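Listed in Swiss-Prot:
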- 43-110: disulfide bond (DISULFID)
- 154-201: disulfide bond (DISULFID)
- 244-299: disulfide bond (DISULFID)
- 22-127: domain 'Ig-like V-type' (DOMAIN)
- 132-218: domain 'Ig-like C2-type 1' (DOMAIN)
- 222-315: domain 'Ig-like C2-type 2' (DOMAIN)
- 137: N-linked glycosylation site (CARBOHYD)
- 332: GPI-anchor amidated glycine (LIPID)
- 1-18: signal peptide (SIGNAL)
C-alpha cells in the first residue's frame, strides 16, 4: 500500500475514534429497599475518559434543583452514608448508600457532561418502603342532616401504595352492607340517624402497623322519644320515677309537663338528666305523691329540626311499689317496707 494512502487511512480512523460520542452503556434497574438497608447504584460509561461523569439526585417532582453527589471518582455530598467506587476496567461508577432513610427515595441520575448545554443522562429510581401516612385531604369529621348523600374520603401515601378500607366502631354494619368496605371513597346515598358514629379509615401496605383515622359522623335529626313504661302505679305518699329516653342531634331541650304546665325542681318534683353524645335520659321523680299528682305527664323534646312528645300515666295503687318506694314509711307510720315484703309491681298495660 502506498505510504501516503496508509497514513491518510490511519489518520482518518484516529479522528473518527477521537470524535466518538460518550455513551452510558448500563444503569441499574429500579431499586426497592427498606429503611435502614443498603443499596448500590451502578452506571457504566463508554468513550468518556475525557468527560466529567456525575451522580445527581433528582427530585421526583422536578420542582427542586438536582443535588450533586459525586464527580468523577470523588464524592461531593457530605454524608458518611454515601460511598463511591470506580472500576477502571469496566468504566463503572458505583454509588453506595447505607442506612437508607425515607428521604433518600427519588431518582438518581448518572450524567456525562459533553458541553455547557449538552449532556447524556440515565436514571435509576430508588423506592424506599415506608409505612402508610393518611393524607391531609382525607375527611376528618362531618355534620350532616338526615337524608343527605355523604362521601367519606381517605387517601394515604407510602410505598408500596397503601390499600384503604373502611370499618365502623364495634364492627357495626356499614351503610353499604357488611363490616368492611375497600376503596378510597365510602358513599352513603341517604344517611340515616342509625348511620351516625365513628368510622375508621385504615391504610395498610405491609410496612409497619399501618395507619388509621377516626372520622366522627354526626347526623342531625329531630327528637325521637321512647318511654320504657307508659303506665306506672304507686300508692299515696310514696315516690315514683317517670322516665323517657330521647335520641336527637343537635341536643334537644327536654321538659316535663302536667296539664300543659312545665314542671321544675321543687318539693313535689325532682328532675334529673343523663346524656351521651346524642342519647338522653330524663327522669322526673314525683315526691310523696298526692291525689292531684295522679294523671298523665308529657315528656317533650325539641331541637331545630323538630319536636316530639310522649305520655306517661301515673295511677294510684293500694300497695306501694318498690322501687323507688323501698325503705319509705308505709301509711305514714314508722314501719319501713322490707325488701322481703311481697310487693306488687304494676306492669305496663
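Note that Cβ sites are derived from N, Cα and C of the backbone, with glycine treated the same way.
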List the residues of the same chain that sit at least 6 positions away from residue 299 (disulfide bond) in sequence and have their Cβ under 8 Å from its Cβ, in sequence order, or write 'none'.
225, 227, 242, 244, 246, 254, 256, 282, 309, 310, 311, 312
Please work out the helix, strand and coil residue numbers for the domain 'Ig-like C2-type 2' (222-315) from the DSSP assignment.
3 helix, 61 strand, 30 coil
Of the recorded positions listed here (43, 110, 137), which is spatially closest to residue 201 (disulfide bond) when Cα positions are compared?
137
Quick check: of the disulfide-bonded residues listed here (43, 110, 154), which one has the Cα closest to that of residue 137 (N-linked glycosylation site)?
154
Work out the three-state DSSP category of residue 154 (disulfide bond).
coil
I'm checking region-level scores; what's the whole-number mean pLDDT for the domain 'Ig-like C2-type 2' (222-315)?
97
In sequence order, which same-chain residues at least six apart have a C-beta under 8 angstroms from residue 110 (disulfide bond)?
24, 27, 43, 45, 53, 54, 55, 93, 121, 122, 123, 124
Residues satisfying Cβ distance under 8 Å from residue 154 (disulfide bond), sequence separation of at least 6:
134, 138, 139, 164, 166, 184, 185, 186, 201, 203, 213, 215
In this structure, which of the disulfide-bonded residues 43, 201, 244 has the fewest other Cβ atoms within 10 Å of its Cβ?
201
